[in-house]
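Visitor: The following block contains the structure, expressed as structure tokens.
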Amino acid sequence: MAEKNMETIVNLAKHRGFVFPGSEIYGGLANTWDYGPLGVELKNNVKRAWWQKFVQQSPYNVGLDAAILMNPKTWEASGHLSNFNDPMIDNKDSKIRYRADKLIEDYMHAQGDEHFIADGMSFDEMKQFIDEKGIVCPVSGTANWTEIRQFNLMFKTFQGVTESSTNEIFLRPETAQGIFVNYKNVQRSMRKKLPFGIAQVGKSFRNEITPGNFIFRTREFEQMELEFFCKPGTEIEWQEYWKNFAAKWLKDLGIKEENTKLRDHDEDELSHYSNATTDIEYKFPFGWGELWGIASRTDFDLKAHMAASGDDFSYHDQETNEKYVPYCIEPSLGADRVTLAFLCDAYEEETLEGGDSRTVMRFHPALAPYKAAILPLSKKLSPDAMKVYEALSADFAIDFDESQSIGKRYRRQDEIGTPFCITFDFDSLEDNQVTVRDRDTMEQVRMPISEVKAFLDEKIKF
């Protein structure tokens with residue numbers, strides 16, 4: 001089997017309608033991507049699977065859809081206006097700007113220290129490290145650097161007809177703050193007792209200087225976040241619970257265990273508000289990358305908004321007659337990143353008996369863009385085969401493919417990850433049965449048309 005690389009994944013994604021470069025007819029816009037017909041189905045299935053397990057089937061959690069634009073005081077209280085910065089450094093010869101921490105990490109990873117993290121270093125420490133190690137610009141090959149400066153990652157815009165500081169607002173850099181400011185609304189309206197969680201799926205925006213690796217790091221991205229509120233003193237137990245819950249979700253949807261690892265943050269790596277954080281990392285073709293962060297945020301966010309707004313977010317525990325501000329566990333997952341992980345994990349080039357080969361995307365059926373494809377053996381059979389399509393498409397995403405030979409159609413469906421091909425042949429007119437081919441095993445079984453829906457229902461469960 002050929003080794004996976006990002007170029008192969010990106011090419012397949014474009015060729016088969018998963019992901020296209022953004023604004024391509026105008027030369028594109030750096031690091032923007034549009035999800036094509038199959039990509040939007042895949043990503044929607046990922047979001048649906050997350051919502052199913054984290055909200056629909058959870059007795060603890062409820063959902064929210066907060067506005068992207070928020071009162072700027074939100075970002076003052078959360079610390080994003082003052083602290084949401086990247087350390088930037090420019091090479092004077094190439095005129096290219098880099099994140100200083102990423103320059104250092106890339107250098108150390110190349111030296112063999114795969115787990116080196118520069119998060120805890122001050123600007124002075126990073127500059128001293130770059131100078132002492134003689135780290136050079138990848139483009140110019142020189143070490144002619146500027147001093148390190150802060151660069152705020154928030155996208156700024158204006159509300160109303162005039163562009164003045166009084167009308168200044170921001171595109172949200174995370175979905176979490178919309179949850180925190182609605183904590184009391186949700187808790188009271190839904191009559192929730194601790195522990196409980198508020199989940200949200202939505203777009204966020206960060207003016208990253210060094211985005212890259214396809215849809216792994218982009219300036220516009222989608223998050224699937226849960227803020228889980230609990231009694232202080234129980235947060236480590238719940239952080240462990242959600243860490244394991246998240247890892248199981250990935251495994252149940254087919255992510256290979258050898259391609260994931262759980263990494264606990266060292267004490268000097270923790271954010272100032274966190275007392276425990278675990279990253280679930282995935283082994284992408286370009287290396288290990290963070291997929292999911294599960295952080296114990298303590299009571300930092302609720303207290304910050306209490307102080308800034310004057311509202312009281314404390315909780316009265318009727319069982320113990322205590323009053324306290326809840327602690328919060330945040331499992332935060334990037335929808336685009338995990339979609340990329342599913343693309344990479346599913347991709348396989350398989351050599352078959354007789355020397356033939358095929359490309360197959362082994363998506364879990366719950367995630368596959370199409371659950372099945374209806375393939376009439378002859379175009380003469382298309383009207384009758386279409387009746388099967390119409391019956392199934394009320395409940396499933398189904399493809400209808402009548403062009404080229406049956407073998408080429410099988411290969412095409414394998415390459416887009418369709419789990420089952422349903423062939424309607426001339427015998428189907430007489431016996432009301434179809435042939436169902438399994439994508440992974442390529443085995444075929446004859447089945448009554450009346451049983452196909454129940455068959456697909458069972459197969460897409462996870």
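Quick reminder: no glycine exception, Cβ is built from N, Cα and C everywhere.
When I checked Swiss-Prot for this same protein, it listed these features:
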| type | residues | note |
| --- | --- | --- |
| BINDING | Arg99, Glu174, Phe221, Glu222, Gln223, Met224, Glu225, Glu330, Pro331, Ser332, Leu333, Gly334 | substrate binding site |
| BINDING | 206-208, 216-221, 290-291, 334-337 | ATP binding site |
Visitor: Between Arg337 (ATP binding site) and Glu225 (substrate binding site), what C-alpha distance do you get in Å?
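Guide: Answer for this pair: 13 Å between alpha carbons.
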Visitor: With DSSP assignments reduced to helix, strand and coil, which class does Arg337 (ATP binding site) get?
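Guide: It is helical.
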Visitor: Give me the count of other Cβ atoms within 10 A of the Cβ belonging to Glu208 (ATP binding site).
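Guide: Total other Cβ atoms inside 10 Å, all chains included: 16.
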Visitor: C-alpha of Phe221 (substrate binding site) to C-alpha of Glu208 (ATP binding site): distance in Å?
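Guide: On Cα coordinates alone, these residues lie 11 Å apart.
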Visitor: Please report the three-state DSSP label of Arg219 (ATP binding site).
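Guide: Once the DSSP labels are grouped into three classes, Arg219 (ATP binding site) ends up as coil.
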Visitor: Out of Glu208, Arg219, Leu291, the binding-site residues in the record, which is closest to Glu225 (substrate binding site) when you go by Cα distance?
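Guide: If we rank Glu208, Arg219, Leu291 by Cα distance to Glu225 (substrate binding site), first place goes to Leu291.
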Visitor: Which of these binding-site residues is closest to Glu208 (ATP binding site) if you go by CA atoms: Arg99, Gln223, Leu333?
Guide: Arg99
Visitor: Please determine which of the binding-site residues listed here (Leu291, Leu333, Ala335) has the lowest count of neighbouring CB atoms within 10 Å.
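Guide: Checked Leu291, Leu333, Ala335; of these binding-site residues, fewest Cβ neighbours within 10 Å: Ala335.
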Visitor: Please report the Cα separation of Pro331 (substrate binding site) and Arg217 (ATP binding site) in Å, rounded to an integer.
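Guide: Given the Cα positions, Pro331 (substrate binding site) is 18 Å from Arg217 (ATP binding site).
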Visitor: For Arg217 (ATP binding site) and Arg99 (substrate binding site), what Cα-Cα distance in Å is obtained after rounding to a whole number?
Guide: 14
Visitor: Are there binding-site residues among Arg206, Arg219, Leu291 that sit within 10 Å of Leu333 (substrate binding site), Cα to Cα? If so, list them; otherwise say none.
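Guide: For Leu333 (substrate binding site), the binding-site residues whose Cα atoms are within 10 Å come to Leu291.
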Visitor: In angstrom units, rounded to an integer, how far apart are the Cα atoms of Arg219 (ATP binding site) and Arg99 (substrate binding site)?
Guide: 15
Visitor: For Arg337 (ATP binding site), what is the tally of other C-beta atoms lying within 10 angstroms of its C-beta?
Guide: 23
Visitor: Looking at the binding-site residues Arg206, Leu291, Ala335, which has the shortest Cα distance to Gln223 (substrate binding site)?
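Guide: Comparing Cα positions, the closest of these binding-site residues turns out to be Ala335.
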Visitor: State the count of C-beta atoms found within 10 angstroms of the C-beta of Arg206 (ATP binding site), not counting that atom itself.
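Guide: Result for Arg206 (ATP binding site): 21 other Cβ atoms within 10 Å.
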Visitor: When the Cα of Arg99 (substrate binding site) is compared with the Cα of each of the binding-site residues Arg206, Leu291, Ala335, which one is closest?
Guide: Arg206
